[in-house]
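Engineer: Here you go, one structure.
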């Protein structure tokens, strides 16, 4: 398996259309069993890997993540010496926005993914990367899902957007879902937002990766464009490269406002208009959005 940065590969596990054809058996990881009380029996090696992952990333995000994410981290109060248990996370999410996390296998289908979001349940694969894949991983693991995404689910506007997104996706056709996937990619996974005159990060695909966090916030290579829903829906992406473009919200309330619009009408218009020219070189057997 090629060594591609974690943050640009997570789409294989959730939102890449190509993944719909892949068997769960193709992943080398298997989610750990969850008890009737929602507890997972993590071992000491896994606790040690979690400690190294979270302590490293805490330093990277503290000046680069948006305030809503940092506030959410404070609410979650994730332990650094051990992996958190699902009920600990659910108590906070339920209190703040009515969400919960739902344990799932390493790879799930589009149908399952959208159904969970529509029910205010965020899918969390109950496995953690091995030490030899500390920085490179194909599937979205427990660290990516919990550290990358759960903090933002404490924010009402983000939570409302994600809920409506799930409802729309649950009813969408496969082609419509491919356009919706681009919306998710450039918001929930790789979204940026303006905050007091600075560009900050709220996308979990960025915030769970030190390399992508630095690249998205400081590199002069990628474009950073004002968020435009029609542009977003028509922008191709690849999961095996650092992103050539990010879309920047003026503020997080725009996510809620977007959730109140007729998003599917915008999807249909984007389908009629077609995709924009890609900002990356073609690749044989590429996995593109």
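The backbone N, Cα and C atoms fix where each Cβ goes, glycine too.
Keep in mind it's a predicted model, so treat the numbers as computed, not measured.
Relevant sequence annotations retrieved from Swiss-Prot are reproduced here:
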{"type": "BINDING", "residues": "144, 149, 189", "note": "Fe cation binding site"}
Engineer: If you count other Cβ atoms within 10 Å of each one's Cβ, which of the binding-site residues 144, 149 has the most?
Structural biologist: 144
Engineer: Just to be sure I understand the packing, how many Cβ atoms besides its own are within 10 Å of the Cβ of residue 189 (Fe cation binding site)?
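Structural biologist: Taking all protein chains shown, residue 189 (Fe cation binding site) has 28 Cβ neighbours within 10 Å.
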